[in-house]
Structure formats: structure tokens, C-alpha cells
Amino acid sequence: MLGRLRTVVKASSSNSIRNYLGYTSGVQKKTVTVIPGDGIGPEITSSVMGVFQAAKVPIEWEIFDISGGQPISQELIASITRNKVALKGPLYTEILSGSQSRNMELRKALDLYAHVVPCKQIPGITARHDDVLVDFVVIRENTQGEYSGLEQVLTPGVVQSLKIITKEASERIARYAFEYAKANGRKKVTAVHKANIQKQTDGLFLATCTQIAKEYPEIKFENTIIDNCCMQLVKSPEQYDVMVTPNLYGNIVSNIGAALVGGPGLAGGANVGEGSIIFEMGAHHVAADIAGKDKANPTGLLLASVMMLKHLGLNEHATKVENAVKAVIKEGTLTSDIGGKSSTKQFTGAVIDYIEKNQN
């Protein structure tokens, strides 16, 4: 069922770009840049494409076959800028190499300042807290903090890393968090920080969030120290609604959130900028150990693709895909990471079958 996509040949200066045409109808097609990425990326991206074909989503895919070991090309940046929307698999970052993370490179090049990760339990999956509803959203400042990439060796054996926090970036992410809460019927925003120790950097972030909170009196505002936040997430995650964080803390908290709802394969996410948005899994795990073995869980990227469809105004298609994914999980078709025995293709096939049986 995954082989039903029709290839469209277009002139290109790079053989790393492929174009696929999804379902064709009277509806104007939308073009989306796709980066399958490394590890399990190509498998879960293929899953999304197969599901979209079955759901008759009017999308044309512009695919860039790049790896985390390759530089980000200007052609890729131009594609995302032109299309304004991209779907991305995980990109591998070598731990001890001197090269910059390609994920960071994309965020900086496109000014993707907000990383949004909804963490919500899915019926049919055994989670860490079955007695309470886990349903919170992590909104992470995506361009500064410890991820500024400003590191240097001062002398052999001594290195320095600069943490950059600005009022402008803090205002932007805080306002985004409150606007997100307002638009999505959320009641509370919690700022996560370490201002008790990092009094200047995190102090500025917290002070700015506190200032912006005054513009939204209808939304409750709290703040919490990052170490206590991690403990409380494990202990009582139901107390959180929307969390706004500096860069590093958001990475940590969103991974905890993914674990709380069942694992890294279950959370979708988006990197949001003023001009472009990249949708991807909420937890960026390449999972090289299972790559190519038909064991990957495509749920996280499927849920990210649902977010993408809603952003594009394709709400009926979004509902169709989301309902199918949740129905298949509830019926017990699960991949091995969440206690099942289904392969990637079997899970994807079950989602496609559900869509085709319930097609209007």
C-alpha cells in the first residue's frame, strides 16, 4: 500500500531532491518540503506518505535526501522558505564531532523560534500515569540559551560555553506561549527556569515572562525551577498545562513528556517561525539500532503531520488521519516500543485500511 505514490519528474540542479505527487483532485494542491532524515526517518516518512495517499490529501511532496552529516544546502532553505511548511524526520548529530547540529542550523537559518510539543495520553497505550490525564504542551525557545553555538577552548583542558538570553527573544516566546494557551483553551502557563542560580540569564527570562503574563489576566501564570519541574512531571504531571522554557530545559522537559505518554515514538511537534514551520517528532531520536528493521513507530510523525494539516487548513483530512491513528491504537495494533508485535508496515497498513473503510 505504500507503493502507490506516483513520481513526478521536475528539473532540478540536485539529484538529492525528489518530487512525489499525492492524491490529485479538484482541490488545489499544497507543496510541502520533506526531509526523511537519518535512522528510522525514511521509514516513518514513508508511512506518512502512504497514509496521506489513502486519505486523499491534496499534497505534493518535495523531498530532500540529506543526512545530519551533510551541510544544509541553500536549495533546501529556499524550498522551505518558498513552501512555508516542511515535514522532517530525525537528523543525526555526532556527539563528539566539531560540526554543528543540522537541526540547530535549520532553526537559525529560518528563525524557527518556538518548538511546540503537545504531550497527551492516547487511549490504548499503557502510560506511566493511568490514574490521571497527562495533557500538557511544552513551548521551548528555540534559538538562544546554551544552543547558541558559542563555545571555545580557552586553554588545553579548559573550555567555555556562552548562554545567550535576550529580552526580545524571551518576550517573543512568552507571548507565543500565552497566545497559544488563549487560542487552544488552555488555562495556565508555567515558566520553567533556574533563576535561583543563573540570576542574570534565567532571571531575565523569568522577569520577561512575568511581565508578559500581566497582558493575559485570564490565564493563570506560575513559575517553577527546572529540577523541581522534572520531579513534579514524574510525580504529578496533571498539574501542568502550557510550559514555556528556555532552549535546553525545553529539550529535557519535552523528552520527559514523551516518556510520560508512552515513549519517543508517540509525540508530535513543530518548529515555528514567522515565515516557515517544520513539523517533526516531538522527541528527536534517530533510533539507529532499529533503522531498516521495520520496527519504528510512526505515530509521532503521523501526529505531527496532523498538526501540519490543521495548519494548512485541511481540517477534514487532519481529522481523518488522527481518528484512524487513534482507532488503530485503541484496537490494539501496536509497535514493539509500546508493547505490541506489529511492524511499521503493519501499523501503517492498519491505519490505511481504517481510512479506506471509513472513507466518505
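Note: Cβ is positioned from N, Cα and C throughout, glycine not excepted.
A 10 Å cutoff on Cβ-Cβ distances gives Arg107 (substrate binding site) a total of 21 other Cβ atoms nearby, all chains included. The substrate binding site annotation in Swiss-Prot covers Ser101, Asn103, Arg107, Arg140 and rests on similarity to another entry.
According to Swiss-Prot, the Mg(2+) binding site annotation covers Asp227. Summarising the environment of Asp227 (Mg(2+) binding site), the number of other Cβ atoms within 10 Å of its Cβ, over all protein chains shown, is 12. Mapped onto three states, the DSSP output places Asp227 (Mg(2+) binding site) in helix.
Under the DSSP three-state reduction, Ala287 (NADP(+) binding site) is assigned to coil, being neither helix nor strand. Cβ contacts within 10 Å of Ala287 (NADP(+) binding site), excluding its own Cβ and spanning all protein chains shown: 20. The NADP(+) binding site annotation in Swiss-Prot covers His284, His285, Val286, Ala287, Ala288, Asp289, Ile290, Asn297.
Residues or ranges marked as site 'Critical for catalysis' in Swiss-Prot: Tyr147 (among others). Tyr147 (site 'Critical for catalysis') falls within a helix when secondary structure is assigned with DSSP. Counting every protein chain shown, the Cβ of Tyr147 (site 'Critical for catalysis') has 23 other Cβ atoms within 10 Å.
There are 19 other CB atoms within 10 A of the CB of Lys194 (site 'Critical for catalysis'), with all protein chains counted. Under the DSSP three-state reduction, Lys194 (site 'Critical for catalysis') is assigned to coil, being neither helix nor strand. What Swiss-Prot lists as site 'Critical for catalysis' is Lys194 (among others), and the listing cites similarity to another entry.
What Swiss-Prot lists as transit peptide is 1-113.
Lys194 (site 'Critical for catalysis') has Asp227 nearby among the binding-site residues Asn103, Arg107, Asp227, Ala287, Ala288, Ile290, counting only those with a Cα within 10 angstroms of its own Cα.
Spatially, by CA atoms, the binding-site residues Val286, Asp289, Ile290 include one closest to Asn103 (substrate binding site), and that is Val286. Separating the Cα atoms of Asn297 (NADP(+) binding site) and Ser101 (substrate binding site) is a whole-number distance of 24 Å. Taking the centroid of the Cβ atoms of His284, His285, Val286, Ala287, Ala288, Asp289, Ile290, Asn297 as the NADP(+) site, the other same-chain residues with Cβ within 8 Å of it are Gly39, Ile40, Pro90, Pro264, Ala291, Ala296. Under the three-state DSSP scheme, Asn103 (substrate binding site) falls in the helix class.
The residues near the substrate site, meaning same-chain residues not in Ser101, Asn103, Arg107, Arg140 whose C-beta sits within 8 angstroms of the mean position of the site's C-beta atoms, are Met104, Leu106, Leu112, His115, Asn142, Tyr147, Asn247, Asn271, in sequence order.
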